[in-house]
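Copied over from TrEMBL, here are the features:
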- Glu47, Arg48, Val93, Trp484, His485, Gly513, Pro524, Gln525: FAD binding site (BINDING)
- 250-264: domain 'Glucose-methanol-choline oxidoreductase N-terminal' (DOMAIN)
- Cys420-Cys476: disulfide bond (DISULFID)
Amino acid sequence: MENDGNGNVGVPEAVVIDATMVDMGGGTAGCPLAATLSQNYSVLLLERGGVPFTNRNVSFLSNFHLTLADTSDESASQYFVSTDGVFNARARVLGGGSAINAGFYTRAGTSYVKRAGWDAKLVNESYPWVEKQVAHQPIFEPWQRAVRDGLVEAGIAPNNGFTYDHLYGTKVGGTIFDKYGRRHTSAELLASANAQNLDVLIHARAQKLVFDTTGKKPRAVGVIFKDEYGTQHKAVISRRRKSEIIVTCGAIGSPQLLLLSGIGPRSDLEKMNISVVHDNKFVGKNISDNPLNTVFVPFNRPVKQSLIETVGITKMGVYIEASSGFSQSSDSIHCHHGLASAEIGQLSTIPPKRRTQEAIEAFKRNKKDLPHEAFHGGFILAKLAHPKSRGQLILNNTNVDENPIITFNYFSHPKDLQQCVRGMRVVEKLVKSKPFVDFTNHDEATFEKLLNMSVTANVNMIPRHTNDTKSLKQFCRDTVISIWHYHGGCHVGQVVNKDYIVSGVHRLRVIDGSTFDLSPGTNPQATVMMLGRYMGVKILRDRLGTSAGV
């Protein structure tokens, strides 16, 4: 595309939209950010997906698994597989990850806040702003109670009760599902916006950023996007000095968009024939995903569905959590959760190299004889808190709608493997604890038997080994799955500065999980929502002082 120096590019445009702020990505961070900035500025929020409010698969806990199982182009969840052979998902809906996740709401620890260099006072103002609108105390069914009591008996003490705070020991965290099982996503935070100043466009797929390159440093001036019919448009920011574009496309989407826009490693961009706007070797690099390993625990009776509510926060760098349940009919029973799946676990009968998406769909259509009892169970989850293994994200092509090539290199760092083994030892203590045994009535089940069932229930494309249940290290490697807490690719100090301004260019920021070096808390969504509010307030106060009114 040719640039005349004023941000005007040679593309057909149906509409040119002018705004003071353009927020690209109506996700977990983008919604609170847009709502906050709209108090004082005109804001255009672009979201590539649709709205969550009329989608029952998004709105209700009981249908949680159905969004993840939907791999159509219209799904709120975009499926991808990393080169490691691990299935994963990214959001494609207003509300972002908060619309497709397991709903757990819990804050980052005070040490994390300090390490990030955030203003603790503003952080402690921003979390409650979010919580008043979307967070709830879970109902806390007997299964979760058994897990809590078992964790305490297993040594993950003390029992900290219900709290949003990140505390060593065992606790019950919050949830974005209310008592009726209805989800409250970050999209609901838009209700706090100044409606006069906010425009939200859905099905608006950002193609690339537009820069004015005539000055000493490139200056972001707009974005090219397509609507749901494929018609191309351009949104531009006003010429006022404080106008800017903020990218909030998530840990996959934000580095991908920067690369497509010419910000990234020169060699990677030139391979794709992308004009280099700013050479930055760190874009898309050092990404990480918290590896998850789970143990399937069968029950001899139905148990009400529950997602993550209880967590054991150990001092060894592992978090222990649990999920359970089934849906109302054998045709829709899933324990998938993106975490583990008793149903899709049966796919282990299909050789890994033949586990194409078509094979998966065919299998699900043809499965008629899966026993109902297979879904009377729960999963114990062991998640590494701060993995040292790092990977990268590179472009597969220049089509923004297609996933980039993503590698996480799970357990490539030996300390990660050591921590996983320690975590599985805690899980073993948990399943042997009296509260847990009393609930499951499976005292005769050895841990090795549970591991053997779990090898089947954990689905990935990694070949299995015969010693999976004998060697915990091998079990960790072979059964690793994702809990969707991937992060990095636009790190602070490498791609953005402490104010999340992209280095090497003017008027451009990235504010989302791609800036994290470590995943905050036991689940990042509370902190990502907090960060959107936090940075919105900070930007307004830095510019307007007390007159900002926030």
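Yeah, the Cβs are placed from backbone N, Cα and C, and that goes for glycine too.
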* **Between His485 (FAD binding site) and Cys420 (disulfide bond), the C-alpha gap once rounded to whole angstrom** => 16
* Asked: By Cβ distance under 8 Å, which residues at least 6 away from the ends of the domain 'Glucose-methanol-choline oxidoreductase N-terminal' (250-264) in the same chain are close to it?
  -> 24-25, 27-28, 80, 90-91, 96-97, 206-209, 211, 272, 274-280, 283-284, 287, 393-395, 398, 400, 403-404, 406, 486-490, 495, 502, 504-505, 510, 512-514, 516
* With an 8 Å cut-off on Cβ-Cβ distance and a minimum sequence separation of at least 6, pull the same-chain contacts of Val93 (FAD binding site), or say none. => Glu47, Gly49, Gly50, Val51, Pro52, Asn55, Val58, Ala76, Ser77, Ala99, Ile100
* Asked: What is the one among the binding-site residues Glu47, Arg48, His485, Pro524 whose Cβ has the most other Cβ atoms less than or equal to 10 Å away?
  -> Glu47
* Asked: Here the disulfide-bonded residues are Cys420, Cys476; which one has the lowest number of other Cβ atoms no more than 10 Å from its Cβ?
  -> Cys476
* Express the distance between the Cα positions of Arg48 (FAD binding site) and Cys476 (disulfide bond) as a whole number of Å. => 35
* How many other Cβ atoms are found within 10 Å of the Cβ atom of Gly513 (FAD binding site), counting all protein chains shown? -> 28
* Could you check what DSSP calls Val93 (FAD binding site) once collapsed to helix, strand or coil? => strand
* To do: Name the secondary structure element type, per DSSP in three states, that contains Gln525 (FAD binding site).
  => helix
* Which whole number of Å gives the largest C-alpha distance between any two of Glu47, Arg48, Val93, Trp484, His485, Gly513, Pro524, Gln525, the residues noted as binding FAD? -> 22
* Asked: What is the separation, in Å, between the Cα atoms of Cys476 (disulfide bond) and Pro524 (FAD binding site)?
  -> 23
* Could you give the Cα-Cα distance between Pro524 (FAD binding site) and Cys420 (disulfide bond), in whole Å? -> 20
* Asked: Are there any residues in the same chain, six or more apart in sequence, whose C-beta is under 8 angstroms from the C-beta of Gln525 (FAD binding site), and if so which?
  -> Thr28, Gly97, Ser98, Asn101, Phe104, Tyr105, Ile176
* To do: Measure from the Cβ of Trp484 (FAD binding site) and count the other Cβ atoms within 10 Å, all protein chains considered.
  => 24
